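Participant: One structure, pasted below without further comment.
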């Protein structure tokens, strides 16, 4: 480690207002009788399915024209079961449905309708006394899907009283006419399309910029050209369904449910459970087919549990299929303290730096995830305490401890030393960071040096009097963050020579790293541990507990899918892992016998992490194999709840 100074009995008429509760009498009874016409035949207000039977005729089993619901005079098995008696007998009185129950029934009805189970929907709506959507909305839906644009426009007049915003009808009409216009163009009816554009769309005086774009489509030579330029699916079910999805956003849910509402609610629930899972370390998949809706989210539930439950969630032992909690490999090629380790940006290599003055490049096997020695870079006279990969991973820069005045830049592919930079023997170059363009880097140290150089080590810019502890270049290509001896992180702009304070701590900042999105900073603070800062809001977000941090330089890191995890070495010889949102560690990894100076999480393999220690080894952590519980407990210990 280096010492160094983050329905009663009668069917009721449909209500005309937006309130769409159950269609029963005030006593809450479900309707057993039938009314004439479509209103009873299709209790859900939707079109009958193709297999619902011929008009006026009964399908096998005595089902009449009610789309699967027994006719009023026919006993039918369903009527007998529901009514408990012969044809026409009233259904048993049921408790009046609550608003939430009605909502659930409508959601289920919408989902079943999307699956084409219209007879089931009719039966559900009739038995519950509920209605899937307002009759005017049903007419509107059918007319849109059938491309009957004049009728759909007339339906908007009926819906006007049900829409909260007066401007919504204009927007809805614009969307309808736009579809009508595009379909005319695709059919080659240019004059009709022009008529829609001039006499219907333009008079709306809405979105004139879009009207100008639409007018340009008149020049399209053929239908394929039109669909490509308009980014439109063409006339038919696909484009009309998308149109309907947009139109539904202007209607209150009491009139017409948002599209695929049940699926969306379920997806949100699944995502929320995943988000709350402290150990989830796989790529998020929004497809409901990839999960079971019958149980709560549990990472790798099929594997045996080891350490119990933390915060009501499965512990690390059952998550070893994705989580780096087990020593997979121990690298022992260094012959002295290992001060730093860092995976390349593409995750295919690991670089380790040691007090033994060497940098070793390790190759990661993409299949077995085992590492093998690729190259040993020698010649650094002071020991290697910091390493930075160029954005394209072609170059590697190495710095030394406080008394090192040199910076070494190697070509990773050839292993050749490209640059050995030293401005003065009095310098202390202990940290380095690459500019995103890969053509420049910044370096500095605690003796007041702060340089920007090119690949050949030529000095491009310098900032006088900044005692640098750690550096990081932001993705804007202009701002360089530097922690200094005043217990702060400041932003420096080499182009306009401006600087500003971003983070202020009360104790020395020994090292820091930045998340991929540039929003969060992870600091190792002397005697305090690991702190997480929000750089945009400039606030301290969280202080992580457990780690032992004195005045030695320890490097922490973000890791896992979406960088949901944080890991840090510690002076108590352990590697600590936290979920970004939890102050308590979710895992403590043991195995090293001296201070763990640095950890690095593979940016491309979320289940792989490396740690470097004063014990002279580098440990590669990965998912635990399937062994008995006792062995797992020895390799991975989790905090008790």
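Cβ atoms here come from the backbone N, Cα and C positions, even for glycine.
Predicted automatically and left uncurated, TrEMBL annotations should be read as such.
Per TrEMBL, the feature region 'Disordered' maps to 1-95. What TrEMBL records for 1-10, 53-89 is compositional bias 'Gly residues'. If you look up TrEMBL, you'll see 133-192 marked as domain 'CTLH'. The annotation repeat 'WD' is assigned in TrEMBL to 331-365, 377-408, 589-621.
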Participant: Quick one: average pLDDT across the repeat 'WD' (331-365), no decimals.
Facilitator: 96
Participant: Please list, for the domain 'CTLH' (133-192), how many residues fall into helix, strand and coil according to DSSP.
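Facilitator: Tallied per class, the domain 'CTLH' (133-192) gives 47 helix, 0 strand, 13 coil.
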Participant: Using DSSP, how many residues in the repeat 'WD' (377-408) fall into helix, strand and coil?
Facilitator: 0 helix, 12 strand, 20 coil
Participant: When DSSP states are grouped into helix, strand and coil, how many residues of the repeat 'WD' (589-621) land in each?
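Facilitator: Summed over the repeat 'WD' (589-621), the classes give 0 helix, 16 strand, 17 coil.
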Participant: Per DSSP, what is the helix/strand/coil residue tally across the repeat 'WD' (331-365)?
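Facilitator: With helix first, then strand, then coil, the repeat 'WD' (331-365) has 0 helix, 19 strand, 16 coil.
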